Amino acid sequence: MTGFLQATVYGLLQGGLLALVAVGFSLVWGVMNVVNLSHGAFVVLGAYVGWQLNTSLGLDPFLGMVIVALVLFCIGYAVQRFLINLVVNGPIFITLLLTFGLELLLVQGMNIVFTANYQSIPTSYAGNAIVLGGIQVPLGRLLAFLLAVGITVLLVKVMANTRIGMSIMATGMDRGAARLMGIRARHVYALTFGIATALAGMAGTMVGTVGTFNPAAAGGFTLLSFVIAVLGGLGNMYGAMVGGLLMGLVQAWGGYYLSGTWVNALAFLVLVIVLMFRPSGLVGKAFYAARVEV
Amino acid sequence: MLEVKGVCAGYGRVQVLWDVDLTVSANEIVALVGPNGAGKTTLLRALSGMVPIRDGSVTFLGEDITGRSIERIVDLGISHVPEGRRLFPGLTVKDNLRLGGWRNRNTDIDRVIDLFPKLGDRLSQVTGSMSGGEQQMCAIARGLMGKPDLIMIDELSMGLAPVIVEEIIGRLADIAASGTAVLLVEQDVDAALTVAERAYVMETGRVVMSGNAGVLLADPRIQQSYLGIA
Ligand SMILES: Nc1ncnc2c1ncn2[C@@H]1O[C@H](COP(=O)(O)OP(=O)(O)OP(=O)(O)O)[C@@H](O)[C@H]1O
Ligand SMILES: [Mg+2]
C-alpha cells in the first residue's frame, strides 16, 4: 500500500511538471492552429540554458528560471515573427514540416554545443525529502510541482484578464475579426509563441533539477505534450493541467505495476479511451472552439 | 473624408472590382447597393485592407491608405462591420465590446448601450446564443467602440426580421450625427435609399449609378430592378 501511495504522490508531482511542459504546446495549437513539433526542443533548450547559468555563474536553477524564461521568450518571439509567420496561413502540413525541420536544427545544434551526454542541474537541496507517513516527498520535485502549477494558473488568469490575454484569445477565435479590432495579429502570434517557449524553457530547467536530459529527449517531450494537450482538450490551459496530472499518474502507476516498455503504451491507451468517451478532451471545449478561418 | 479613385481589386487571378470611384463625407450616410456578386463586400474589404488593391487609390482624412495593413487602417479611424458579423462567439457581449475598444483602450460601453439599449440587458450573455438582431446590434456597437470617423456596415439586414432592420437602421442617423459617417451595404434597397443621403449602385464590379438617394429611389430603373415595381 505504501508503495502504491508513494507512486501516486510521485505521479502527481511529475504530472504537475508535465502540465507545464505541455501547456505552451496546447496554447500554440489552440491560438494559431500550429502543431509545433519543435516544442520539445525548446523544453530541452531551456534545460541547457538553466544548466549553463548554473555551471558558469553558479546560479540556482529555480532563480535562473527567470532568465531562462526571458531568453526563451525572445527566441520564441523571433522564431514566430520571422519564420513561422511566413507560412502560418498555409495548410497545417506546411507548418508541421517547418517545425519538424526546426526541431532537427535545434536538436542538432544542441548536440554540437552541449554534446549528446546526459546532464542534470544539481542543487544542494533538491534531493532532500520530507517524509510523511512513510512517503517520501523530494523537495526539488515538490518545488517544481508547486511552481509549475502556479505558473499554469497564472497563465490562465493572464489570458482571461489582461489586455494581452484578450488579444491572444480574440486572435485565436477569429484572426480576421481581431485584426478589424486593430489587434496586430502577427505580433500577437509572436507573443503567443514566445510565451509558449518561455513556459517550455522553465519546465525544461525544472526537469533538469529533478532528473537528467540530453538533446535527444526533445522528441519525447513533444510527444508527451501532444498527448497531454489532446487529453485535456486542445488549447484549453486547465485541460493541459488535468491532462498532465493524469499522464503523471498513469506513468507512475504503470511503472509500479508493469515493466518499463509498457508504460508508454499505457499512456496512449489512456488517450484512446478518453477520446472514445470525450472526443473534445477531459475538460472540453476551449475558447477557440468556434474558430473562424480566414 | 473618404475618397476612392479608380480602385481595382480581386481574389487571386480573378478581378472583381473595376475602376471604382466613391466618396463619403464627414457625418454622411452613404448606401451601396447592387445584386448578389456585384462586389460590394469586396469593395469594403479592399477599403479596410482585407483584400489588396491592384490599381487606383484610397485617401482617408487626407492620408493615402492604399496598401496599408488592416490594423493601420483601423488606427486611422475606419471601422468595418464585416459580412456575417464575425462576433467572437464564445465571448460575452461585454467582452466583444471591450475588444471593439481594444485599439484605443476605450472601455466606456455606455455610449453604445445608449444607442442599442437592448444590449444593456445582455452584457453577460455569450454572443453565440443571441438572436440575429441582437448580434447585429452587438457587431455595430463593437464597431463603434473605437470611435471611428467612418463605419462600414456589410449586409446590415442579413437574416433579420423587417421590424428589427427598421430598428437598427433607425439608429444610423444618430451614429452619423455623433460624428461617425456610415457606408452601408444593404440588400434592402428601399430601406437603404430611405436612410441614406447619397447612394451608389454597383453591378458586376462597376459603379453603374450614383447620386442623391431620394432621386435614385424614384428612378424607374432602380424601381424596376431592385424594388420590383414594374
Ligand atoms: N474569398 C473569395 N475568393 C474568390 N472570389 C470571391 C471571394 N469572395 C467573393 N468572391 C467573388 O467576388 C465576386 C463579388 O463578390 P462579393 O462578395 O464582393 O459580392 P457582393 O456584392 O457582396 O454580393 P452579396 O450581395 O451576395 O453579398 C463574386 O463573383 C464572388 O464569387
Ligand atoms: Mg456581400
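Just so you know, glycine gets a Cβ as well, placed from its N, Cα and C.
Keep in mind that what you see is a predicted model, and the values were worked out from it rather than measured.
The list of residues near the transmembrane segment (A:12-32) in space but at least 6 beyond its ends in sequence, with Cβ under 8 angstroms from a Cβ of it, reads 39, 42-43, 84, 88, 137-138, 141-142, 144-149, 151-152, 155, 168-169, 171-172, 189, 192-193, 195-200, 202-204, 206-207, 210, 221-222, 224-226, 228-229, 232, 234-237, 239-249, 251-252, 286-288. The transmembrane segment feature in TrEMBL is assigned to A:12-32 (among others).
Annotation comment: TrEMBL describes A:62-79 (among others) as transmembrane segment.
According to TrEMBL, the transmembrane segment annotation covers A:86-107 (among others).
Residues annotated as transmembrane segment in TrEMBL: A:142-160 (among others).
Per TrEMBL, transmembrane segment is recorded for A:188-211 (among others).
Beyond the ends of the transmembrane segment (A:223-249), by six or more residues, the same chain brings 8, 11-27, 29-31, 35, 39-40, 149, 152, 155-156, 159, 172, 267-268, 270-271, 274-275, 280-288 to within a C-beta distance below 8 angstroms of the stretch. According to TrEMBL, the transmembrane segment annotation covers A:223-249 (among others).
Within the chain carrying the transmembrane segment (A:256-277), a Cβ under 8 angstroms from the stretch's Cβ atoms is held by residues 3-4, 7, 224, 227, 230-231, 246-247, 250, all 6 or more beyond its ends. The transmembrane segment annotation in TrEMBL covers A:256-277 (among others).
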